[in-house]
Amino acid sequence: MGDVIDLTGDGGVIKTVVSQAKADAIAPTEDLPLVDVHYEGVLADNGEVFDTTHEDNTVFSFELGKGTVIKAWDIALRTMKVGEVAKVTCKPEYAYGSAGSPPDIPPDATLIFEVQLVACRPRKGSSLGSASEERTRLEELKRQRELAAATKEEEKKKREDAKAAAAARIQAKLESKKGQGKGKGKAK
């Protein structure tokens, strides 16, 4: 894991980089305020998962700075680049505070999120020169995902072929042992 960074100066939002983004990755800006993230949130007290996008492989999208998410996310996501994965620890005053978010998040809960910044986009209707760059980057990301899926499928096929070959060898061995026993019957 990477360095531990106190993003607020009071220990309220702590970021630890789990996986670095590529050096040329883009980050959220005024022109690219819409972000897409994958995340898993757990309660710091007991490690219980209270929310995740991983189970259904969805992406959570929101606009930074609009108050639609907890303060810690607005703060932390501004420091991330596309492709980066970070662990973000949020004290209650930067999360749901003394009210909590029943029934899943109790009052005064410290939360830990593992967040991956998947994409940054302009607002709908924005004319932006870098929108074509973003489109190109997203196409590249799609191509990389397809390559990863193809590789995974290829590995699965190799495992299945290896299992089939092993089963055939075992079957051949069994058949040869059956053949050895014929004609050597014991006299009674």
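Even glycines carry a Cβ here, placed using N, Cα and C.
Summarising the annotation, TrEMBL assigns domain 'PPIase FKBP-type' to 32-121. Taken from TrEMBL, the feature region 'Disordered' covers 124-188. What TrEMBL lists as compositional bias 'Basic and acidic residues' is 132-163. Here TrEMBL flags 179-188 as compositional bias 'Basic residues'.
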Legend entry - the compositional bias 'Basic and acidic residues' (132-163), counted residue by residue under DSSP: helix, strand, coil: 32 helix, 0 strand, 0 coil
Legend entry - Three-state composition of the domain 'PPIase FKBP-type' (32-121), taking helix and strand from DSSP: 10 helix, 37 strand, 43 coil
Inset, instruction - Could you pull the average pLDDT for the domain 'PPIase FKBP-type' (32-121)? - result: 95
